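Since the structure comes first, as structure tokens, the remarks are kept for the end.
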Amino acid sequence: MAGGGGAPAPKIDEPQPHPPKDQLPNVSYCITSPPPWPEAILLGFQHYLVMLGTTVLIPTALVPQMGGGNEEKAKVIQTLLFVAGINTLLQTLFGTRLPAVIGGSYTYVATTISIILAGRFSDEPDPIEKFKRIMRATQGALIVASTLQIVLGFSGLWRNVARFLSPLSAVPLVSLVGFGLYELGFPGVAKCIEIGLPELILLVFVSQFVPHVLHGGKHVFERFTVLFTVAIVWLYAYLLTVGGAYNHAAPKTQATCRTDRAGLIESAPWIRVPYPFQWGAPTFDAGEAFAMMMASFVALVESSGAFIAVYRYASATPLPPSILSRGIGWQGVAILLSGLFGTGNGSSVSVENAGLLALTRVGSRRVVQISAGFMIFFSILGKFGAVFASIPPSIVAALYCLFFAYVGSGGLSFLQFCNLNSFRTIFVLGFSIFIGLSVSQYFNEYTAINGYGPVHTKARWFNDIINVPFQSKAFVAGCMAYFLDNTIHKKDGAIRKDRGKHWWDKYRSFKTDTRTEPESLKGRNLTCSDMSWILLQRWGLASHLAALAGVRVSNHNKLDSRVLITFRSISVTLNYVVAYVVA
């Protein structure tokens, strides 16, 4: 045996670990490579159908408590849909420019209910006037709360926070953004098991088994699973309804199973364009504004995790902190628009649509922009939009089971960058996830039993500021992981690699991204997200476009990160056109 003390060479048949991938492979269409137009339109409509669930369920739960009827509910759904379309376009054009749908959020529901229960509305005898007063109070709180994300995002403060995020601390955050919504999954399916369970079984069968049996049209079933299964089960539910299966059922069963009990088709107007201050001038209350601001901060953290899941499933490289911060700023604008139009709910990244990216393996920005067009179109043509909005809630819950699972798994995928043989990694990972689940379970269970949270004082707004954050599993787990990961033995050189931080360092700014060097293209299989700026350089257009933006490109190849931000901000329209040309 030769000397030297070196480690023995591995055996030929010894199994090797899977190599880490910065970008998720096997994605059919990524951000700047749109599918053919007919396929893109169908995929966009599918995104519209998926986001309808949250858009309908939140007003259905809130509007009756406000005092509104079916007509008010239909108008709120139209408004929420209209604003979601605008916000999705703004995010894909000017924000992170990821294929992220911006819609309603369950995070704001608890704070909105607190406003509904405020004593100053109890003396209003007219239910419709009471609805409008509560809606105006919610508008005022949302308008004030939007300033938090606008300031943190556009000032770059959130960029400074995101700089210290590592793959290790991202795992609990992103995973519980998906897994933490398990209460909306099978419990919703079980409310009408004869409809929800067939939808769930068909979803898994058509998306996972059929493509491997029918090799010729495998992509058709992978990409349009939602359209196929929802159409089949919806028709089945309709036949049960018209056949009288629920004629003598309990009212609660009829509300969740019948296809004609949503009350939207009859109440929705044929044509109506939502407009700002449609419920009247907003009213402002300092306590409610602070409570809504805390809900906005929780949504900010959750949306940061959802953005990470979106870039992963769109086969993009890790999201630079500056881009994430800009996306948060535009999400603040989305909350402002929600307050101005009166949606009764704030805005955040749609988790279910992030999961749909994984199911279809299509992360094209154009597809999501088309879905935004459907949102705006059907929000104006109320009767047609109400038809799709009347999908039974158990079908929506079955979709949640699949899409939330995808997002949670996307968070677990970042473990490939971490050292799982490190006890530090094991502690940070396990403790933060457990605390995220356990603490929120305590707060939610306490609230369900007693009707109020563990923090219960005479100041309802103060109660919300404390209770709402701890009811979010992703918020608690993400904050705990972030704190532990940045405080426990951080200065140890080996710890940086254990955290996986070195994998993300090269993507923190354009200057340190090796993909900006022509030499780095040799021997690489480029994805569509690599191509836009590289081709601009090769065509000799980079300097000219930068000149139009009033900046200078040095060394012909590298673009300073500060200059890049200026370039992208001023010439976003030109860059958008180039992305379509490249695709």
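Note: Cβ is positioned from N, Cα and C throughout, glycine not excepted.
TrEMBL lists 11-21 with the feature compositional bias 'Basic and acidic residues'.
Positions annotated as region 'Disordered' by TrEMBL: 1-27.
Annotation source TrEMBL lists transmembrane segment at 45-64 (among others).
Sequence annotations record features per position, and here TrEMBL assigns transmembrane segment to 76-94 (among others).
Annotation source TrEMBL lists transmembrane segment at 100-119 (among others).
Residues or ranges marked as transmembrane segment in TrEMBL: 140-158 (among others).
According to TrEMBL, the feature transmembrane segment maps to 164-184 (among others).
Long-range Cβ contacts of the transmembrane segment (196-214) within its own chain (Cβ-Cβ under 8 Å, at least 6 residues beyond either end) map to 186, 188-190, 221-222, 225-226, 228-230, 232-233, 236, 359, 394-395, 397-399, 401-402. Positions annotated as transmembrane segment by TrEMBL: 196-214 (among others).
The feature transmembrane segment is assigned by TrEMBL to 226-246 (among others). Remote same-chain residues near the transmembrane segment (226-246) are listed as 42, 45-46, 49-50, 194-195, 198-199, 202-203, 206, 253-254, 257-260, 356, 359, 391-392, 395, 399 (criterion: CB distance under 8 Å, separation of at least six residues from the stretch ends).
The transmembrane segment annotation in TrEMBL covers 289-311 (among others). Within its own chain, the transmembrane segment (289-311) is flanked in space by residues 96, 98-100, 105, 107-108, 110-111, 114, 140-142, 144-149, 152, 158, 162, 165, 170, 173-174, 176-178, 317-319, 324, 327-328, 331-332, 335, 346-351, 354, 357, 363, 407, 410-411, 460-461, 464-465, 468-469, 472, 474-475, 478-479, which lie at least six positions past its ends and keep a Cβ under 8 Å from the stretch.
Among the features that TrEMBL reports, transmembrane segment is placed at 323-346 (among others).
Long-range neighbours of the transmembrane segment (367-391) within the same chain, counting only residues 6 or more positions beyond its ends whose Cβ lies under 8 Å from a Cβ of the stretch, are 29, 34-35, 40-41, 43-49, 51-53, 55-56, 74, 77-79, 81-82, 84-86, 88-89, 92-93, 99-101, 230, 234, 259-260, 262, 264-265, 267-274, 353. The transmembrane segment feature in TrEMBL is assigned to 367-391 (among others).
Beyond its flanks by at least six residues, the transmembrane segment (397-418) meets 18, 20-21, 24, 50, 53, 167-168, 170-179, 181-182, 184-189, 191, 196-197, 199-200, 203-204, 207, 226, 230, 305-306, 308-309, 312-313, 351-356, 358-359, 425, 429, 498-500, 503-504 of its own chain at Cβ-Cβ distances under 8 Å. Here TrEMBL flags 397-418 (among others) as transmembrane segment.
Here the transmembrane segment (425-443) has Cβ contacts under 8 Å with residues 168-169, 171-172, 175-176, 180, 415, 418-419, 453-454, 467, 470-478, 480-481, 484-485, 488, 498-499 of the same chain, all six or more residues outside its ends. What TrEMBL records for 425-443 (among others) is transmembrane segment.
Here the transmembrane segment (323-346) has long-range neighbours at 58-59, 62-63, 66, 76, 79-80, 82-83, 86-87, 90-91, 94-98, 100, 102, 104-105, 107-109, 112, 135-136, 138-143, 145-154, 156-159, 162, 274-279, 282, 292, 295-296, 299-300, 303-304, 307, meaning same-chain residues at least 6 beyond its ends whose C-beta is under 8 angstroms from one of its own. Among 76-94, 100-119, 140-158, 164-184, 100-119 has the largest number of CB pairs under 8 A with the transmembrane segment (45-64).
For the transmembrane segment (100-119), the list of distant contacts is 47, 51, 54-55, 58, 61-62, 65-66, 80, 84, 87-88, 90-92, 134, 137-138, 141-142, 181, 184, 285, 288, 291-292, 294-296, 298-299, 302, 306-307, 310, 327, 331, 334, 343-350, 353-354, 368, 371-372, 460-461, 463-464, 467-468, 471-472: same-chain residues at least six beyond its ends, Cβ to Cβ under 8 Å.
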